[in-house]
Amino acid sequence: MVTIGTPKSATATKVVLCGSGELGKEFVIELQRYGVEVIALDKYPDAPAMQVAHRSYVVSMLDGDALREIIEKEKPDYIVPEVEAIATRTLMELEEEGYHVIPTARATWLTMNREGIRRLAAEELGLPTSPYRFAETEEEFKEAVKVIGMPCVVKPIMSSSGHGQSVVREEKDIDRAWQYAQEGGRAGAGKVIVEGFVDFDYEITQLTVRHIGGTSFLEPVGHVQVDGDYRESWQPQAMSLAAKAKAREIAGKITEALGGRGIFGVELFIKGDDVIFSEVSPRPHDTGMVTMITQDLSQFALHARAVLGLPIPNIVFHGAGASRAVVVEGDSDRLSLGNLDKVLEQPDTQMRFFGKPEVHGHRRMAVLLARGLDVTEAREKTGVMMEQLNVKL
């Protein structure tokens with residue numbers, strides 16, 4: 001029997017959220033609907049999820065001692081990582097001491113670095129993947145590029161959203177790719193993965209939720225990425241029945257191997273009826289923001305239910321929808337978005353302004369959402385919304 005107490009009282013059900021970005025913000029809002037007391041952590045103040053949590057701490061999630069100090073002080077019922085860069089050894093110790101890490105500390109550890117999850121997928125589970133080699137030194141890296149061949153993709157094993165990722169197309173790109181990967185890793189310089197190019201028609205995110213009633217699969221999400229970072233997504237992605245079945249089979253295998261409860265974003269390449277595993281995140285996925293307008297229970301609502309041990313008897317899909325990221329370029333700590341009366345004048349449109357305190361360089365600051373008769377119409381709507389949006393730095 002699931003029981004939730006009163007926030008900020010002795011009976012409170014408490015969640016510590018490790019990472020407070022825009023995905024965490026929506027998750028916190030869903031937890032608040034159930035009366036859960038939320039403590040949000042991030043490395044900078046006034047992060048999006050902090051703005052809707054009961055309280056917050058500014059801390060590096062890679063600082064295991066600082067993380068432990070907060071956990072021991074707050075004594076949460078659940079520890080929910082929202083970022084890859086986190087002190088996984090500390091999480092594993094805390095789990096052994098009786099704390100509940102979502103989905104599990106092992107899943108967080110495996111997916112924090114591309115080596116752990118790639119070896120699990122390809123070598124233990126036998127899932128189809130791109131050819132790959134790992135390299136720890138520049139010499140090993142150059143040898144890996146030689147073995148894999150060009151063009152190839154180079155990524156730090158610990159990074160996300162395209163940080164440190166580049167494509168080696170010819171000899172002159174090799175040195176630059178190594179340096180960029182060393183500078184772009186979330187946890188500093190280190191090992192990289194060199195991946196062979198995959199010939200694919202399109203890529204999808206197969207959102208998969210593990211809950212007390214079993215495993216549920218959402219309609220496939222198609223997306224566009226620029227330099228490894230999400231720019232646009234839509235649901236459902238049109239695909240053959242055979243490919244759809246294989247996508248769910250692969251997603252089921254990898255999420256079962258990771259274990260625990262919660263939402264997983266399984267990234268896959270599709271070529272005809274063939275499906276190739278790419279990556280998995282054991283948390284809400286940026287491309288999955290489209291579910292805020294396409295489903296009765298968004299990926300964030302599903303994650304909240306799964307974490308709390310609440311049932312998910314069904315998921316209602318309202319119809320085709322699209323999301324478009326608002327990526328701002330410049331320097332500002334007083335960003336404003338204008339002309340919103342025009343942006344939202346089309347039927348079946350929504351937006352989320354994340355409220356990030358500042359931008360330096362490129363930063364995703366909002367998302368535009370639309371439903372349509374089909375995916376094409378929904379994407380066109382978000383395109384019109386973007387044209388109408390007035391960004392002021």
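Note: Cβ is positioned from N, Cα and C throughout, glycine not excepted.
Fair warning: this is a prediction, and the values are worked out from it, not measured in the lab.
Marked as N(1)-(5-phospho-beta-D-ribosyl)glycinamide binding site by Swiss-Prot: Glu22, Leu23, Glu82, Asp286, Lys356, Arg363, Arg364. Summarising the annotation, Swiss-Prot assigns ATP binding site to Arg114, Lys155, Ser160, Ser161, Gly162, His163, Gly164, Gln165, Glu195, Gly196, Phe197, Val198, Glu203. According to Swiss-Prot, the domain 'ATP-grasp' annotation covers 119-308, on the basis of sequence analysis. The Mg(2+) binding site feature in Swiss-Prot is assigned to Glu267, Glu279; the stated evidence is sequence analysis.
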Worksheet entry | From binding-site residues Glu22, Glu203, Asp286, Lys356, the one whose Cα lies nearest Glu279 (Mg(2+) binding site) | Glu203
Worksheet entry | Listed binding-site residues (Glu267, Asp286), ranked by Cβ neighbours within 10 Å, top entry | Asp286
Item to complete: Pop the Cα-Cα gap between Glu267 (Mg(2+) binding site) and Glu22 (N(1)-(5-phospho-beta-D-ribosyl)glycinamide binding site) into the table, whole Å please.
Response: 20
Discussion item. Can you tell me the CA-to-CA distance separating Asp286 (N(1)-(5-phospho-beta-D-ribosyl)glycinamide binding site) and Glu203 (ATP binding site), as a whole number of Å?
Written reply: 14
Fill in: Sequence-distant neighbours of Arg363 (N(1)-(5-phospho-beta-D-ribosyl)glycinamide binding site) in its chain (C-beta under 8 A, six or more apart)
Val327, Val328, Lys356
Worksheet item: Near the Cβ of Lys356 (N(1)-(5-phospho-beta-D-ribosyl)glycinamide binding site), how many other Cβ atoms are there if near means within 10 Å?
Response: 21
Fill in: Pairwise CA distance, Gly164 (ATP binding site) versus Arg364 (N(1)-(5-phospho-beta-D-ribosyl)glycinamide binding site), rounded so that it is a whole Å
17
Worksheet entry | Candidate binding-site residues Leu23, Glu82, Glu267, Arg364, pick with smallest Cα gap to Arg114 (ATP binding site) | Glu267
Practice prompt. Run through the Cβ atoms and count how many others sit within 10 Å of the one on Glu279 (Mg(2+) binding site).
Written response: 19
Worksheet entry | Packing count at Glu203 (ATP binding site) (other Cβ atoms within 10 Å of its Cβ) | 19
Worksheet entry | Site with most surrounding Cβ atoms, counting all protein chains shown within 10 Å, from the binding-site residues Arg114, Arg364 | Arg114
Worksheet item: Over the domain 'ATP-grasp' (119-308), what does the predicted model average in pLDDT?
Response: 94
Worksheet item: Does Glu195 (ATP binding site) have same-chain partners at least 6 apart in sequence with Cβ under 8 Å from its own Cβ, and which are they?
Response: Ser130, Pro131, Tyr132, Ile148, Cys152, Val153, Val154, Lys155
